[in-house]
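Peer 1: Straight out of Swiss-Prot:
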BINDING   Y46, G47, L48, T49, C50, S51, A52, R72, V73  FAD binding site
BINDING   S55, H144, Y166, W167, R168, R169  NAD(+) binding site
Amino acid sequence: MPPEPLSLPLDLAPGLVDGDTFLSIMGALPTGVTVVTTLGPDGEPYGLTCSAACSVSKAPPLLLVCINRDSRVLKALLERGEFAVNVLRGGGESTSARFAAPVDDRFRDVRWEPGSAGGVPVMSADVVAHAECRVAAALDAGDHTIVIGAVVAGGPRPEVPSPLMYWRRSYARWPVEEDPRTAALTLAAEG
């Protein structure tokens, strides 16, 4: 059974910036865009777009995602104790928008397969990498829960050139420079 979320016992409210100012500050930080997925008790897939994801530790391999405490996906994820983080590729804006919108069936027309470690949904398209995780810890922080996942499976997809980014409330693509070794091979082949 996954751990119950702990809560930060601090009263931080006095003297803080307002929410809009905070979002403007954080919007200046470019982030990757992920879709966090899990399965509900009935085996139904759940997922949401998440830009608050990052690595925590190499040994053991841990990552974290931050999810709104009112989210149905968070509830399913904590009950299941397993989830996947699907890192979207440049051009994956429509997938990000689908999983960010309040629609009934976010997985309609989305290609995915059961992950190798726990069967949670791993997206088959629009991703540069994925990580399958077991919930290691959860901490309520304000209106979100920080979920720490122990990475049990996953990997990059080297054939996909660049990730999707989010900056100042807009999508962007990471600029990809051509690998000089590949460029030399291409020039040699073209001769």
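Each residue, glycine too, has its Cβ placed from N, Cα and C.
Set these features in their place in the structure for me.
Peer 2: Counted within 10 Å of its Cβ, the other Cβ atoms near L48 (FAD binding site) come to 21, all protein chains included.
Mapped onto three states, the DSSP output places S55 (NAD(+) binding site) in strand. Every protein chain considered, the tally of other Cβ atoms within 10 Å of the Cβ of S55 (NAD(+) binding site) stands at 11.
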Peer 1: Using a 10 Å radius around its CB, how many other CB atoms surround R169 (NAD(+) binding site)?
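Peer 2: R169 (NAD(+) binding site): 8 neighbouring Cβ atoms within 10 Å.
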Peer 1: Applying a 10 Å Cβ distance cut-off over all chains shown, what neighbour count does R168 (NAD(+) binding site) have?
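Peer 2: The answer is 10.
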Peer 1: For W167 (NAD(+) binding site), what residues in its own chain, 6 or more apart in sequence, show a Cβ-Cβ distance under 8 Å?
Peer 2: G27, A28, L29, P30, T31
